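Participant: Mind looking over this structure? Questions follow.
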Amino acid sequence: MATKAVCVLKGDGPVQGTIHFEAKGDKVVVTGSITGLTEGDHGFHVHQFGDNTQGCTSAGPHFNPLSKKHGGPKDEERHVGDLGNVKADKNGVAIVDIVDPLISLSGEYSIIGRTMVVHEKPDDLGRGGNEESTKTGNAGSCLACGVIGIAP
């Protein structure tokens, strides 16, 4: 059973980063940094597939094995892959430090082999008042992505 994972984020533009995942009890600690972003919030999600053959678009929708509506990371009604937003500073750097109780590195909610995505816009956490909000949080296009793999 994996206790650690890593993801290298890359895109067509300047956005890149490295994200680490570590199982700690019944939660997963997500840490790392992303550079090349515009200042402000950016949606941060685990997507269904580890397929990046057509860039980030082939990663499919948010990882949602429970068939729920999109929400924020602290909401009961959320996709497993809904990790909310990362916040970039004026230098375009986002420091990631998330503890999540729903994602896992093993079992039915495992994120291993799936794609981590950082989006162009803020995630409205399902509160945008339209249908797209309940699916994607209106987070816009993908800036960078990478497949989550087992780490030593």
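A Cβ is built for glycine as well, from the same backbone N, Cα and C atoms used for every other residue.
As annotated in Swiss-Prot:
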- HIS45, HIS47, HIS62, HIS119: Cu cation binding site (BINDING)
- HIS62, HIS70, HIS79, ASP82: Zn(2+) binding site (BINDING)
- CYS56-CYS145: disulfide bond (DISULFID)
- CYS7: S-palmitoyl cysteine (LIPID)
- ALA2: N-acetylalanine (MOD_RES)
- LYS4: N6-succinyllysine (MOD_RES)
- LYS10: N6-succinyllysine (MOD_RES)
- LYS90: N6-succinyllysine (MOD_RES)
- SER104: phosphoserine (MOD_RES)
- SER106: phosphoserine (MOD_RES)
- LYS121: N6-acetyllysine (MOD_RES)
- LYS121: N6-succinyllysine (MOD_RES)
- LYS135: N6-succinyllysine (MOD_RES)
- LYS135: N6-acetyllysine (MOD_RES)
- 55-79: region 'Disordered' (REGION)
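If you look at the structure here, what lies around each of the features I listed?
Facilitator: Cβ neighbour count for HIS45 (Cu cation binding site): 29 (other Cβ atoms within 10 Å of its Cβ, all protein chains included).
ASP82 (Zn(2+) binding site) is surrounded by 30 other CB atoms, counting those within 10 A of its CB over all protein chains shown.
Look at CYS145 (disulfide bond): DSSP puts it in a strand. Sequence-distant neighbours of CYS145 (disulfide bond) (same chain, 6+ residues apart, CB-CB distance under 8 A): LEU9, LYS10, GLY11, HIS47, ASN52, GLY55, CYS56, ALA59, THR115, MET116, VAL117, VAL118.
Of all Cβ atoms in the protein chains displayed, 23 besides its own lie within 10 Å of the Cβ of CYS7 (S-palmitoyl cysteine).
For ALA2 (N-acetylalanine), the same-chain residues that are 6 or more apart in sequence and have a Cβ closer than 8 Å to its Cβ are ALA23, LEU105, SER106, SER110, ILE112, ILE150, ALA151.
Within its own chain, LYS4 (N6-succinyllysine) has HIS20, PHE21, GLU22, ALA23, LEU105, ILE150, ALA151, PRO152 as residues 6 or more apart in sequence whose C-beta sits under 8 angstroms from its own.
The Cβ neighbour count for LYS10 (N6-succinyllysine), using a 10 Å radius over every protein chain in view, is 15.
Packing around LYS90 (N6-succinyllysine) is summarised by its Cβ count: 8 other Cβ atoms lie within 10 angstroms of its Cβ, all protein chains included.
Taking all protein chains in view, 20 other C-beta atoms sit within 10 angstroms of the C-beta of SER104 (phosphoserine).
The Cβ neighbour count for SER106 (phosphoserine), using a 10 Å radius and every protein chain shown, is 12.
Cβ contacts within 10 Å of LYS121 (N6-acetyllysine), excluding its own Cβ and spanning all protein chains shown: 18.
In the three-state DSSP assignment, the secondary structure recorded for LYS121 (N6-acetyllysine) is coil.
The secondary structure of LYS135 (N6-succinyllysine), as reduced to three states from DSSP, is helical.
In sequence order, PRO61, HIS62, LYS69, HIS70 are the residues near LYS135 (N6-succinyllysine), counting only same-chain partners six or more apart with C-beta under 8 A.
Counting residues per DSSP class in helix, strand and coil order gives 3 helix, 3 strand, 19 coil for the region 'Disordered' (55-79).
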Participant: According to DSSP, which kind of secondary structure is SER104 (phosphoserine) found in, if we only use helix, strand and coil?
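Facilitator: The three-state answer is strand.
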Participant: Tell me, by DSSP, whether LYS10 (N6-succinyllysine) is helix, strand or coil?
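Facilitator: DSSP call for LYS10 (N6-succinyllysine): strand.
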Participant: Which residues, given as numbers and ranges, are at least 6 beyond the ends of the region 'Disordered' (55-79) yet have a Cβ under 8 Å from it?
Facilitator: 11-12, 45-49, 98, 100, 102, 108-109, 111, 114-115, 117, 123, 125-127, 133-137, 142, 144-145
